[in-house]
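Working notes, beginning with the structure itself.
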Amino acid sequence: QMMKHAWDNYKRYAWGLNELKPISKQGHSSNLFGNIQGATIVDALDTLYIMEMKEEFKEAKDWVEKNLDFNVNAEISVFEVNIRFVGGLLSAYYLSGEEIFRKKAVELGEKLLPAFNTPTGIPWALLNIKSGIGRNWPWASGGSSILAEFGTLHLEFVHLSHLSGNPVFAEKVMNIRKVLNRLDKPEGLYPNYLNPSSGQWGQHHVSIGGLGDSFYEYLLKAWLMSDKTDEEGKKMYYDAVQAIETHLIRKSSGGLTYIAEWKGGLLEHKMGHLTCFAGGMFALGADGAPSDKTGHHIELGAEIARTCHESYDRTSMKLGPEAFRFDGGVEAIATRQNEKYYILRPEVIETYMYMWRLTHDPKYRQWAWEAVEALEKHCRVDGGYSGIRDVYNNHESHDDVQQSFFLSETLKYLYLLFSDDDILPFEHWVFNTEAHPLPILHKEDGSKEEKQK
C-alpha cells in the first residue's frame, strides 16, 4: 500500500520526471542526473516486480522502452547514475528477462566509460555524457575523487561485462583496486579522497558513512557475488574491518557501540544515518570471517543496529536524524540543526532486514514496524511521502521531496523484512547499494552467456 501510494502519486504529478515533490504536487529534478529523466521509474522497477504490481511494472517498462534517453548534453554524477540507473536496469533485466533492460543498461554503461579517462584510471565524479569530459566536485579535497563514488561501481560493471561479453567494464573496476593496493594506507584505513591525476590520497579523513560507506560494502559483496572466488575483494574487506574496529569503533559511556569518523588521526564522535548500513554489512560478512570471529561480527552488527534504533527512539517522531553524536553528555542525538533532518533514508531499515534474515530475532521486525508507523504518521502526505526537516520537533515541517531511493530501498527492505526468506534469498542474490538485487555469478555462468550469443 505504501508503494502504491508513492508510485501512484509520482505517476499522477511527476510522470517521466526524476522525482516527485509530494506537497507541491509537481516534478523535482536533482542535478545528480543531469538531463537524464525517469530516476523514480528506473529505481522502482524491481520493487514493483517483487511486489507483483504487474500493471505498474508494465507501464514503467513501456516508459523505459519509449522514453529513457541517454543522448543528453548534461553533466551527471557517475556514482548516482550507476547505482540507480545501471543498477535498476540490470535488476529489472535479471528479474523479468526483458531484453530492453539489458540493452539500456549496456548502452548507459558505455556512456559512462569516458569517466575513467584519467592518468590513473580512477574515474571522475562528474561526466558530461555527450562530450565525455569529466571533472571532480569542486569542494572535494584538492581535486580528488571520492572513495564511496569510485568504489561503488564494481558490482554493476562486472555484470555489464557479463551481459555484454565486453571485458572492458570489469577491467576498469579491477584497475581501481590495483591503484588502491599500491598505496600506503594510514593505519590500514582508506581515506575518503584520492587524486585521480597524482594517484595520491587527499586529506586523511576516514568515514564509514558518507564519502566512504559503500566502498566497504562493495568489497564484501564483490566477493559474495563472485561465488566467493574473488579472494582479493575478500582480503581487502576483512583487513579494512580489522582497521575499522581498531581505530573507529567505540563504546559510549551509556554502552552504545558506534563508529566514529577519523580526521587525520583525531576522532569525531559522530555517526551518520548513512553509517547505519554497516550493521547489516558486518552481519552479512560474519560467515566469511575467520572462524573464531563469526559470532563477533554478528554481535557487532547487532550492536550497531541497537545504536541506530536508539537514534530513532530518542527523537519526537521516532525517525532517525541525518547524524547523531556521542559527546558532551549526549548519546545518539543530533545536536546541530543541520543534522536533524530525515529524508526517507533506508540504511537503518536495511540493517534491520539483514539482522532479521541472519538471526530471526523478532525485535528487528518490531523495530521496523515502529519505523513504518512513524513514516505513515509523519511522512505520508496527500501527494506521496516527504522527508522531514526536524525529527525532534512535534510539528512536521516537510522538505517536499519523495526521493527515488524511498521506492527503491526503504520500501523494498521493509517488504523483504516482513516476507519469507525465500524472496530474493541471500544465497542467490546480492543487493547493490541502491537495493537493486544482482545474481551471484556462479563459476559455470560465464560460458552460458557466450553460448547464447
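Cβ coordinates come from backbone N, Cα and C, glycine included.
Annotation comment: TrEMBL describes Glu80 (among others) as active site, proton donor. Remark: Glu80 (active site, proton donor) has Leu32, Phe33 as non-local neighbours, by Cβ distance under 8 Å and separation of at least 6 in sequence.
The local packing around Asp213 (active site), expressed as other Cβ atoms within 10 Å of its Cβ over all shown chains, amounts to 25. The active site annotation in TrEMBL covers Asp213 (among others).
If you take the C-beta of Glu322 (active site, proton donor) and look for same-chain residues 6 or more apart in sequence within under 8 angstroms, you find Gly272, His273, Ala334, Asn338, Glu339, Lys340, Tyr341, Tyr342, Ile343, Arg345. Sequence annotations record features per position, and here TrEMBL assigns active site, proton donor to Glu322 (among others).
As annotated by TrEMBL, active site applies to Glu347 (among others). Every protein chain shown contributes to the tally, and the Cβ of Glu347 (active site) ends up with 24 other Cβ atoms within 10 Å.
Taken from TrEMBL, the feature Ca(2+) binding site covers Thr433. Within the same chain, residues at least six positions away from Thr433 (Ca(2+) binding site) with a Cβ under 8 Å of its Cβ are Ile83, Gly87, Thr152, Asp213, Ser214, Glu217, Tyr218.
In sequence order, Ile304, Cys308, Ser311, Gly320, Glu347, Val348, Glu350, Thr351 are the residues near Cys276 (disulfide bond), counting only same-chain partners six or more apart with C-beta under 8 A. TrEMBL lists Cys276-Cys308 with the feature disulfide bond.
The Cβ neighbour count for Cys308 (disulfide bond), using a 10 Å radius over every protein chain in view, is 29.
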